[in-house]
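Asker: My questions all concern the structure below.
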Ligand SMILES: Nc1ncnc2c1ncn2[C@@H]1O[C@H](COP(=O)(O)OP(=O)(O)O)[C@@H](O)[C@H]1O
Ligand SMILES: O=C(CO)[C@@H](O)[C@H](O)COP(=O)(O)O
């Protein structure tokens, strides 16, 4: 039996999966790392720690493997998107990575529009200028840390740094490059026009390859450190959402994914790169060659829940925190939550907005708050589904993955709020599985990714919408949608009091 490894560099942890030729997960190790948040809106991580924790996780995975490590044929990656990793000429890291959920770059987004023009930016990159994307971060470092920026020789996306640490080779691939705002998404090449207009040297952009491209083998030092055979083939990998889509079989038109990790996304497969959503949803290259996907993003989905847990139930696990929610009716006894604790992206690209609990009552218990948090996150994702439906997409069944898919009540809530069947797969680790599938496909085990997905994924349960709850949630959703507009100016006034 042969094996592949999928590495998912998430925001909360790195997860490594050992998968056999039947798609069975034979080993799994996760290692957490913290976010560094110096100020409100700032979010960074140390790439050294990513590399360190990944090597530790791989060493543990290999050590606990009962078979012959020589049978591990391939490795690939899935990574949190958009994060800026800057290397100097000797390929040393210049500063902490600035992450996808860092919103310090509102001014730089304005400068991009001024330099390129909104319409032209949309034509080339298919996306608007959002604080989380990589180009605004490059411009921020250029402006605020000019001496350091002078020393930069190349930038990378987070998982590309892991691949570099293993192989010594520098690349990125199209699905992650699409989230930089520097890629011509249809032509699949770096946009010299955007580089020139925004004053970014195109030499900073790493070489581009396909997600399934063979990059090389691991270095002898890395083999020694982890116990992996030096022969193991390394494949490029993809953005976590592209990999989540691959790992969930979102490889044909009409298939939709909901992923609740630190962020939350609703994602839909697109055969072509020429549809027009007017920048309302993200439009990126898929990990499958020449395919695309559209996606709405809730910045703080699982993050809102882990924020709540850290503040109010630090010593409990998620299972015990969520234990009482089935006893609370839809609507959490009149309590509404908006999950804007780190600002928002879809449908409101707004770095200043912050979260709210509306309707707090002396009778509310902690479990009402917990249910309200889950409902608020799910309402926010429903706003993305609404955009897709308004643009003519039929969404009647959705695969749900990520940490949020671990809880049965939350899966039923998704069915009730989205008014669609929710499909739970045998593993909720879509991105790690997608990375393993890129390695399996790259190793020649299958002729297409779809064939691999059919072999590797299976449905364990389908959650059907409960019509009574769906009606209640429709009413609540229309109240939820008013909270953004009614709290926007209050949050602008509060901004100057933030850390
Ligand atoms: N048992 C659980 N029930 C519900 N939600 C959970 C559970 N465990 C984790 N989560 C949620 O999942 C999130 C982490 O999801 P994950 O997919 O691992 O994130 P990432 O890829 O961003 O690191 C946490 O922030 C938490 O909100
Ligand atoms: O910014 C985006 C997508 O545009 C996020 O989805 C990141 O890719 C982080 O993902 P998770 O750590 O939540 O999986």
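Quick reminder: no glycine exception, Cβ is built from N, Cα and C everywhere.
Heads up, here are the entries from TrEMBL:
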| type | residues | note |
| --- | --- | --- |
| ACT_SITE | 240 | active site, proton acceptor |
| BINDING | 81, 82 | substrate binding site |
| DOMAIN | 3-247 | domain 'Carbohydrate kinase FGGY N-terminal' |
| DOMAIN | 257-442 | domain 'Carbohydrate kinase FGGY C-terminal' |
| SITE | 8 | site 'Important for activity' |
Asker: Least buried of the recorded positions 8, 240, going by other Cβ atoms within 10 Å?
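Answerer: It is 8 that, of the recorded positions 8, 240, has the fewest other Cβ atoms within 10 Å.
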Asker: Mean pLDDT over the domain 'Carbohydrate kinase FGGY C-terminal' (257-442): what is the value?
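Answerer: Mean pLDDT, the domain 'Carbohydrate kinase FGGY C-terminal' (257-442): 95.
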Asker: At the level of the C-alpha atoms, what whole-angstrom distance separates residue 81 (substrate binding site) and residue 240 (active site, proton acceptor)?
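Answerer: Residue 81 (substrate binding site) to residue 240 (active site, proton acceptor), Cα-Cα distance: 7 Å.
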Asker: Any idea what DSSP makes of the residue listed as 'active site, proton acceptor', helix, strand or coil?
Answerer: helix
Asker: Would you mind reading off the Cα separation of residue 82 (substrate binding site) from residue 240 (active site, proton acceptor), to the nearest angstrom?
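Answerer: Checking the Cα atoms of residue 82 (substrate binding site) and residue 240 (active site, proton acceptor) gives a distance of 10 Å.
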Asker: Tell me, by DSSP, whether residue 8 (site 'Important for activity') is helix, strand or coil?
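Answerer: Looking at the DSSP assignment, residue 8 (site 'Important for activity') belongs to a strand.
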Asker: Would you mind checking how many other C-beta atoms are within 10 angstroms of the C-beta on residue 82 (substrate binding site)?
Answerer: 27
Asker: Within 10 Å of the Cβ of residue 81 (substrate binding site), how many other Cβ atoms are there?
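Answerer: Cβ-Cβ neighbours of residue 81 (substrate binding site) within 10 Å number 29.
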Asker: Quick check for the class: what is the C-alpha distance, in angstrom and rounded, between residue 8 (site 'Important for activity') and residue 240 (active site, proton acceptor)?
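Answerer: Distance between the two Cα atoms comes out at 7 Å.
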Asker: With DSSP assignments reduced to helix, strand and coil, which class does residue 81 (substrate binding site) get?
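Answerer: DSSP assigns residue 81 (substrate binding site) to coil.
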